[in-house]
Amino acid sequence: MASIEAALAEIKRGVEELIPEEELIAKLKEGRPLRIKLGADPTAPDIHLGHTVIFNKLRLFQELGHEVTFLIGDFTAMVGDPTGKNTTRPPLSREDVLRNAETYKEQVFKILDPAKTKIQFNSEWLSELGAEGMIRLAANQTVARMLERDDFKKRYAGGQPIAIHEFMYPLLQGWDSVAMETDVELGGTDQKFNLLMGRELQKSHGQKPQVVLMMPLLVGLDGEKKMSKSAGNYIGISEAPSEMFGKIMSISDDLMWSYYELLSFRPLEEIEQFKADVQAGKNPRDIKVLLAKEIIARFHSEADADAAEQEFVNRFAKNQIPDEMPEFDFDAGTPVANLLKDAGLCASTSEAMRMVKQGAAKVEGEKVADAKFAPEAGTYVFQVGKRKFARITIK
């Protein structure tokens, strides 16, 4: 195992919050493999780059010699995690959960080492609780404590219903940590309440409390909201290489650095050198290409990454797209015809519709087929004719 100082530095890279750091240091000094847990409810079958921020950290713990468990919340998925929701989340059927879980396992092994990953389902112990066990578990917390959760607080203040079973969710997730005697649990910053519940339940059941390590939420292609399928601002890890390349190249130059910190495996010193190069005048597009190729090679292959870059060059560089062009921000749902007019590429929407019909309007080098088409969140190069360009961000 790596030295404690070196291991701690790697573990803390990109971490939003570590509760508490001194307890993690103490656990590392014990010189034994720590029990590391990451839980996920298989509510959707596709994993995107936002999910990989935490999986990358889990992979690091594997490389450092610790015991990693990917916990599939098949039981809790049937309850429905209320985190971040202003309405009750509909529970999934057992069939949906198991089908999604199989897809999850296939995808996470693109990141985690299968030989070093233990897969568990929390139904193993939660199904055994029974009515008496559920009542005993519920007795560990009060309604007042549950209403400290931001989402519950807002719903209660707004007169929105909160189902009793939703109060159980943090307790059930916390009980996972008791059942597994977890040393460290990973999660996103939106899971803080649930993660701390695990610490509380472990303390009350005579266990050493787990360390909570929270990773930031990856901002999506729009540069504003967290990456999610529902927001349409995501990059799926199973997407075609050319699709991934184009999406990564569409992010803003500022957002690129966040992606480097959270998604790249390059040394921090190298990333800092990239920043210095850009400040010295290097085109940030060249740095973004390196990021795109690194990510594509990870989930596909280096050959696929090279091919995706070449396709991108063929589509865009040969069209002689200028580096400098007007930039605009527009709301999602705006049709192409309106975007072309409001960005000054066409004098009117009628002209914009005519340009589309004539095949003279392009988005990211592709001819627009429908003037009513509204692009999803992201940053795109719009072109009319050979010389009119605008970089438009859809939010």
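Cβ atoms are placed via backbone N, Cα and C, with glycine included.
Annotated ATP binding site per Swiss-Prot: K229, in sequence order, evidence recorded as sequence analysis.
Taken from Swiss-Prot, the feature domain 'S4 RNA-binding' covers 334-394, and the record attributes it to sequence analysis. The DSSP breakdown of the domain 'S4 RNA-binding' (334-394), given as helix, strand and coil counts, is 16 helix, 19 strand, 26 coil.
Residues or ranges marked as motif ''HIGH' region' by Swiss-Prot: 42-51. When averaged over the motif ''HIGH' region' (42-51), pLDDT in the model lands at 83.
Tertiary neighbourhood of the motif ''KMSKS' region' (226-230): same-chain residues 44, 46, 48-50, 217-220, 236, selected by CB-CB distance under 8 Å and a gap of 6+ residues from either end. The motif ''KMSKS' region' annotation in Swiss-Prot covers 226-230.
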Local backbone state of K229 (ATP binding site), from DSSP in three classes: coil
Cβ neighbour count within 10 Å of K229 (ATP binding site): 15
